[in-house]
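Some features that TrEMBL has for this protein:
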- 2-392: domain 'Serine hydroxymethyltransferase-like' (DOMAIN)
- Leu113, Gly117, His118, Leu119, Ser361, Pro362, Phe363: (6S)-5,6,7,8-tetrahydrofolate binding site (BINDING)
- His221: site 'Plays an important role in substrate specificity' (SITE)
- Lys222: N6-(pyridoxal phosphate)lysine (MOD_RES)
Amino acid sequence: MQRDQIIFDLIEDERVRQTNGLELIASENFVSEQVMEAAGSILTNKYAEGYPNKRYYGGCEVVDIIEQIAIDRAKELFGAEYVNVQPHSGSQANTAVYAACLKPGDTILGFDLSHGGHLTHGSPVNFSGKLYNPVFYGVDKESGTIDYNHLEKQAKEHKPKLIIAGASAYSRDIDFKKFRVIADEVGAILMADISHPAGLIAKGILNDPIPYCHIVTTTTHKTLRGPRGGMIMIGKDFDNPFGLKLKNGSLKKMSTLINSAVFPGNQGGPLEHIIAAKAIAFGEALTDEFLHYQIQVKKNASAMADAFVEKGYDIISGGTDNHCMLIDLRNKDISGKDAENALTKADITVNKNMVPFDDKSPFVTSGIRIGTAAVTTRGLKEDDMKAIVDLIDEVIQNHTDETRLENIAEKVNKMMSHRPIFTW
Ligand code: PLP
């Protein structure tokens with residue numbers, strides 16, 4: 001077969017883009033060489049429906065060992081009693097949890113998408129908002145932090161079966177203990193979606209959801225620095241309070257329901273090449289080097305937020321506890337869309353994002369979301385964050401000046417020229 005040069009040339013273009021530019025998308029990162037190698041390995045050829053030692057296909061002896069290592073490392077990393085490493089993505093992890101806990105039409109209480117939540121937390125354009133009955137909590141207008149009184153009020157009024165704690169664009173630590181008190185008051189199951197801060201949580205830098213949340217979902221590719229994928233965890237397994245009784249009168253364990261909801265409920269064969277890459281990433285995450293990396297991710301985000309505030313930028317909640325920040329650009333007279341486009345021309349990648357109480361559409365938006373996980377992987381430190389803020393400010397002030405944007409791109413390329421994308 002002829003090599004498909006069209007696609008390989010495009011992959012090379014993307015390698016150059018990733019290498020030369022500043023990657024500030026809060027949900028992205030750069031994996032290690034060994035994670036990449038496993039993700040592109042011959043394991044992609046293998047079908048393995050089922051779970052280790054309980055498969056519906058032959059020839060699973062090797063992938064059984066690999067998947068079990070991934071499970072065991074994730075358990076150790078997060079202190080969980082149960083882990084399912086098969087979800088193909090964060091969305092599929094959430095889909096499976098909802099399928100295990102809920103019936104169509106049941107009420108779920110999630111973080112408003114326009115305040116920082118995720119599509120799968122009940123947005124009307126997502127299955128979660130179509131199949132279930134979503135209600136929302138949000139942030140306080142003044143402080144920009146989660147309004148726990150509003151959360152409690154919504155919970156008491158709507159009696160959701162499931163409450164979701166977690167976000168895609170929220171820069172503050174989440175009080176899972178407070179969430180649990182509210183969930184218990186209304187008899188709801190509490191799920192944390194830690195897709196964004198998972199790496200910081202794994203190393204104890206942020207509040208741990210495992211002791212308080214019944215179920216925890218995450219992606220594996222953001223601050224966790226693994227391959228693209230999802231995962232579901234339970235700290236201490238429990239009987240599903242809303243489930244049908246078994247013949248002996250007992251309820252099914254939540255872990256059993258989640259396993260069935262992932263396979264055969266929502267997925268077929270697991271991606272064993274990605275599961276191998278997850279296992280390697282969890283092994284990396286268990287090291288002290290990963291702790292130092294996460295400490296630097298947070299330091300860089302704080303330094304960046306301070307530099308933005310100094311330049312008169314309006315950061316939602318005034319700063320950050322984690323790896324990301326949401327900037328309201330309304331006082332800079334530029335939309336999120338225009339800022340994203342101008343920054344792209346300067347080889348700086350961010351994403352436009354709604355800000356709480358936004359008056360623009362989700363396609364235009366008033367804000368941008370920025371994260372430090374990827375630039376920290378490339379070795380940048382606090383002083384570099386200040387330099388990046390200077391460059392972003394220069395772009396925003398001159399966003400219609402194409403020549404100026406080209407000059408800034410040259411500065412960005414110079415800054416990144418000696419920084420490889422594989423650092424482990
Ligand atoms: N949950 C949260 C909080 C997220 O931020 C994301 C992705 O951005 C997801 C779920 C979905 O992950 P995926 O894109 O892998 O489906």
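Note that Cβ sites are derived from N, Cα and C of the backbone, with glycine treated the same way.
Remember, TrEMBL labels are computer predictions, not curated facts.
Recorded residues Gly117 ((6S)-5,6,7,8-tetrahydrofolate binding site) and His221 (site 'Plays an important role in substrate specificity') have their alpha carbons 18 Å apart, per Cα-Cα distance. Ligand 1 lies within reach of His118 from the recorded positions His118, His221, Ser361, Phe363, judged by a C-beta closer than 6 angstroms to any of its atoms.
Here the Cα atom of Phe363 ((6S)-5,6,7,8-tetrahydrofolate binding site) is found 23 Å from that of Lys222 (N6-(pyridoxal phosphate)lysine). Considering other CB atoms within 10 Å as the measure, the emptiest surroundings among the recorded positions His118, His221, Lys222 are those of His118. In sequence order, Ser114, Met354 are the residues of the chain that are 6 or more apart from Pro362 ((6S)-5,6,7,8-tetrahydrofolate binding site) and have a CB within less than 8 Å of its CB. Cβ-based neighbour count (10 Å, all protein chains) for Phe363 ((6S)-5,6,7,8-tetrahydrofolate binding site) stands at 10. Of the binding-site residues Leu113, Leu119, Leu113 has the largest number of other Cβ atoms within 10 Å of its own Cβ. With respect to the residue listed as 'N6-(pyridoxal phosphate)lysine', the closest of these binding-site residues in Cα terms is His118, chosen from Leu113, His118, Leu119, Ser361. Geometry remark: His221 (site 'Plays an important role in substrate specificity') versus His118 ((6S)-5,6,7,8-tetrahydrofolate binding site), CA distance 16 Å.
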